[in-house]
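Peer 1: Pasting in a structure now, in structure tokens, and then I'll have a few things to ask.
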Amino acid sequence: MQEALALFFGSESLLVGTIIPFLFVLTVVVFVHEMGHYLVARWCGIGAQAFSIGFGPELLGFTDRHGTRWKLSAIPLVGYVKFIGDESETSSPVGVNESALSEEDRKRAFHTQPVWKRAATVFAGPAFNIILTIAIFSVFFALYGRQIADPLIAGVQPGSPAAEAGFEPGDRFVSVEGEKITTFADVQRIVSGRAGDKLNFTVERDGKMVDLQAVPKIVERTDPLGNKVKLGAIGVETTEAVGNFRRIEYGPLESVGQAVIETGHIIGRTGEFFKRFAVGREDKCQLGGPVKIATMASKAASQGFDWLIQLMAMLSIGIGLLNLFPLPPLDGGHLVFYAVEAIKGSPVSGAAQEIFYRIGFLLVMGFMGFVLFNDLFAC
């Protein structure tokens, strides 16, 4: 009996070691996303009927003085905010039953608002996810600073792309693909996502600028959480003596600035990844679903609470960006409809919305099935 309890409730058990960290991270990210929708809707004068974390049967909840039902539902993988008059899947004014709404409800209904208010409300969810990531990074930069190294080459691996391109120990990176380089991590950031691409490098050698070209090759590395990841590399390294390893400390405003820059880099790398993935140039196993996220949450929790919060930051921006994909079931799909409405002066027809919604729904379900298959069988 004790062994059974330890298996389920012990610190390394399925419940405590995996399920609780996973639900903690996911619930916070989903809550922030939906809170973005809710707060901006309130600021725009839109009424909310329900705010739910999860879907399915309600487990517990309460109704506030504004008439909004706040609830925790049985399946805590997603969340939603149900606005007054928001009856259709596409959150459009087409097909809404006006007679079912009172005069007061019509004033506060989602579909009666100007298109910019509806667009702002929809965009706020992904935006709040990105803001959460920036906030977490800001705290970490303020507390821990950043470890950096000068962009100096200490060694070149024989037979590597760098060796074939003519890189030499002592070279200092000046730019990669026209982007100015200030730390060795800048080089790693650019090169890691460009395996197979011919990249242009400028290095300083003996006081002179030298232009070189190299094609990063794919290498498999183990990240701090023990995950196998495939990255681009050219085969150069630095050392503490050559690279002058050091920690930079940041004040509050500097921390926010660094967090914004880091978040921008992540957005850029994510866009580059999906662009390459669409043409078959990225490893499909780099995409994971709930099983992979749960595994990562378990590993992060075992490393410490700060690791779990870092995972939350990465998951938050991932969900924010995913929701901006221009497919109708997602926030990005709604924004496309609103953009068309703003341009032509009237909503997209109900028939057209229905067609695009069905296509988008199938694509989203296909993507979810793909990543789940990766989780369970392929990777």
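Here the Cβ of each residue, glycine as well, is placed from N, Cα and C on the backbone.
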Peer 1: Quick one: which of 39-61, 62-84 does Swiss-Prot have down as transmembrane segment?
Peer 2: 39-61
Peer 1: Short question: which residues 6 or more past the ends of the transmembrane segment (305-327) have a Cβ under 8 Å from it?
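Peer 2: 21, 24-26, 28-30, 32-33, 125-130, 132-133, 136-137, 140, 224-225, 263, 266-267, 270, 293, 296-297, 299, 333, 335-336, 360, 363-364.
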Peer 1: Can you tell me which parts of the same chain pack against the transmembrane segment (355-377), counting only residues 6+ beyond its ends and a CB-CB cutoff under 8 A?
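Peer 2: Residues 89-90, 284-285, 287-292, 327-330, 333, 348 contact the transmembrane segment (355-377) from elsewhere in the chain.
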Peer 1: Given the recorded positions HIS33, GLU34, HIS37, which one's Cβ is surrounded by the fewest other Cβ atoms within 10 Å?
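Peer 2: Fewest other Cβ atoms within 10 Å, among the recorded positions HIS33, GLU34, HIS37, is found for GLU34.
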